[in-house]
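Quick notes on the structure that follows.
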Amino acid sequence: MQARALLLAALAALALAREPPAAPCPARCDVSRCPSPRCPGGYVPDLCNCCLVCAASEGEPCGGPLDSPCGESLECVRGLCRCRWSHAVCGTDGHTYANVCALQAASRRALQLSGTPVRQLQKGACPLGLHQLSSPRYKFNFIADVVEKIAPAVVHIELFLRHPLFGRNVPLSSGSGFIMSEAGLIITNAHVVSSNSAAPGRQQLKVQLQNGDSYEATIKDIDKKSDIATIKIHPKKKLPVLLLGHSADLRPGEFVVAIGSPFALQNTVTTGIVSTAQREGRELGLRDSDMDYIQTDAIINYGNSGGPLVNLDGEVIGINTLKVTAGISFAIPSDRITRFLTEFQDKQIKDWKKRFIGIRMRTITPSLVDELKASNPDFPEVSSGIYVQEVAPNSPSQRGGIQDGDIIVKVNGRPLVDSSELQEAVLTESPLLLEVRRGNDDLLFSIAPEVVM
């Protein structure tokens, strides 16, 4: 028995002696000699920590002396590589995967084939129809993405004449516009909101939003030579807005989208390309024009005037204005709109300096409410309005009864969303009937703005 044990030990020693020794790691790692394998399970460093070798995929053996380590998000369980997570996931390619590891394996394959990885969109199975996201219809529908982004800020505008005898609204013109501020400032063409009609009666502007809400509007500023106007509505809540881009950056051949409401068909969309961003007005027969227009083949119809012309980032680069013939339309560049708005703002600032009610104010925001409640637990529950930070001594507000800490919630019956609305009312209206929240009380004050000479 002892002899047999000695014999087995000798045979084992002989087998070990015949096994080739493990290759020593090089003193210096030469990555140029590393293989370039394609590994569905990902990569791990080799024993010398020099080259990357294939990791074991899900379901492959692991833990043995010659087995590769498990790949990303895998762990060795009872000799096999298993995923650390068992829940299904939805990928950005619209497919449902059994677990995160299956998605990562698919992402590695996609990277090798197309260079586009697959990301996790959500836990659980993909919603019905999401698998279509990888189809050409969804992949290349960039125009639909632009329209979805900008449509809520495009409005329909109608100009009526209120007949003095019959009380009926006689339509004079209609067109489009787009919202520039959350408080309801809208940009459109001057010819959409003005009329040379000699018929008696009072002209009225009506604005309809995409959600169907309608408001009366007033003209804030108008430049008939440039054919640009701003009008103002008083919404009950903050509105979606569009941002102005730089028309100077436009290139011929660039895709553009025109949107408006021709014939009262709201949010009618046409697309085209920019032919030129510098078509002189004199070339179009506009002798008094000093403006360069954007020429495009996007169709602009009657009623589309005043709507935005946007680039693929959803930025407004022009106002739809003229249609010469089929395939040739023109827009006022956004850089000219910016200049018009700057001049309007400068004029407002000058007028603001001439009329005042004597308060320092801040627009109510959730962060401001939290800040004020921290110092005053009895601060009222409000979601919008104007916080009176300070009342100037001997000012119209102080004489009228306004106090520090008051919250002005309405002016002349209109809810206040932004401080600019109160500033506009100070410039254009007198007296001002202010509805004020003071503690738990709702108070009314009549304030007459003073003019500074």
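One is the number of the first residue shown, and numbering goes on along the chain from there.
Glycine is no exception: its Cβ is also placed from the backbone N, Cα and C atoms.
As annotated in Swiss-Prot, CYS51 shares a disulfide bond with CYS34, one of the listed residues CYS34, CYS39, CYS62. Swiss-Prot lists a disulfide bond between CYS90 and one candidate from CYS48, CYS50, CYS54, CYS126; that candidate is CYS126. Candidates considered were CYS81, CYS83. The record in Swiss-Prot pairs CYS101 in a disulfide bond with CYS83. Each residue contributes its Cα atom, and for ASP227 (active site, charge relay system) and HIS191 (active site, charge relay system) those atoms are 6 Å apart.
Look at SER305 (active site, charge relay system): DSSP puts it in coil. The Cβ of HIS191 (active site, charge relay system) has 18 other Cβ atoms within 10 Å, all protein chains considered. According to its DSSP assignment, ASP227 (active site, charge relay system) is coil.
Annotation for the active-site residues ASP227, SER305: lowest Cβ count within 10 Å of the residue's own Cβ, ASP227.
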